[in-house]
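> Just dropping this structure here.
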Amino acid sequence: MNNNAKIIDGHAVSKLIYNDIDIKIKMLAKKNIIPGLAVIVVGNDPASKIYVKNKIIACQKYGIFSMKQEFSEDITENELLNFIEKLNINLKIHGILVQLPLPKHINSKKIIEAINPKKDVDGFSPSNIGRLVTNDPLFIPCTPYGILKILENQNIDFKSLEIVVIGTSNIVGKPIAMLMLNKGATVTLCNSKTKNLSLHTKNADIVIVATGKINTINGSMIKQGAIVVDVGINRNKEGKICGDVEFTSASQIASAITPVPGGVGPMTIAMLIYNTVRSAEIQQNLNN
Ligand code: GUN
């Protein structure tokens, strides 16, 4: 049976988040507090530079104080650690984000652990991941948080749903699986070694795909009426931006699907700004 899936508009959902952010920023302004975000980027990775630029633009647009620090590829681990230490005690800065990936000579784990967990608006530190696992989150990683907000906006009751997550990164796959588990869903995590991917995806009410690989799944691999969330941002042979899901066939079988671009992407930055504002609130003991 053919149907056409509802295309979930990530921009529309992000607007709802920005409305909430606006209210919070006005409340903070009454107390002379401007939320501040520091973004660090090391080296010349073109994708990282674009992501960081977009994060800074969003800060400017929504009235967040921002500080961008670019370091050359050859910065030492100690220099980076010293810089983070200064940001940890800078009262104007409520959120610290180190854009990943970092050059190979820098131990990313050590850098993430150096960020004060109360300013870790990426939610990547062991303490914040631990709090997510125990269902007591402080900061939820931005892309998984954005996916949760998109799904909640579809009025989904997660209890007893079968959810399959494809991709097990620390940034997306593992935290989104944990979030869904905490909402009462039955969650299956698949990776590149999974023997029969279809066996899992065909049984899922929601499929979340975060592999970074074009055509990871297509319409023949999902259940009629499933919801498909595509986290990938890739370029196809023609140079066009596309996700991890073969959209044309999947949208014939799914009941709803996030497009690329315009689905999960806009939510990641919205949740970063949201986390930064929340951090300012928490540091001022407002609304917590
Ligand atoms: N690299 C890719 N995604 C992210 C993200 O959400 N945060 C950081 N810091 N780096 C990334």
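In case you wondered, yes, glycine gets a Cβ from its N, Cα and C as well.
Residues annotated as NADP(+) binding site in TrEMBL: Gly167, Thr168, Ser169, Ile233. If you look up TrEMBL, you'll see 8-122 marked as domain 'Tetrahydrofolate dehydrogenase/cyclohydrolase catalytic'. The annotation domain 'Tetrahydrofolate dehydrogenase/cyclohydrolase NAD(P)-binding' is assigned in TrEMBL to 141-283.
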> Using a 10 Å radius around its CB, how many other CB atoms surround Ser169 (NADP(+) binding site)?
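Around the Cβ of Ser169 (NADP(+) binding site), 16 other Cβ atoms lie within 10 Å.
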> Once the chains shown are all counted, how many other Cβ atoms turn up within 10 Å of the Cβ of Gly167 (NADP(+) binding site)?
24
> Within its own chain, what residues at least 6 apart in sequence put their Cβ under 8 Å from the Cβ of Thr168 (NADP(+) binding site), listed in sequence order?
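For Thr168 (NADP(+) binding site), the qualifying residues are Lys174, Leu189, Cys190, Asn191.
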> Are there any residues in the same chain, six or more apart in sequence, whose C-beta is under 8 angstroms from the C-beta of Ile233 (NADP(+) binding site), and if so which?
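Ile241, Gly243, Val260, Pro261, Gly265 - these are the non-local Cβ neighbours of Ile233 (NADP(+) binding site), listed in sequence order.
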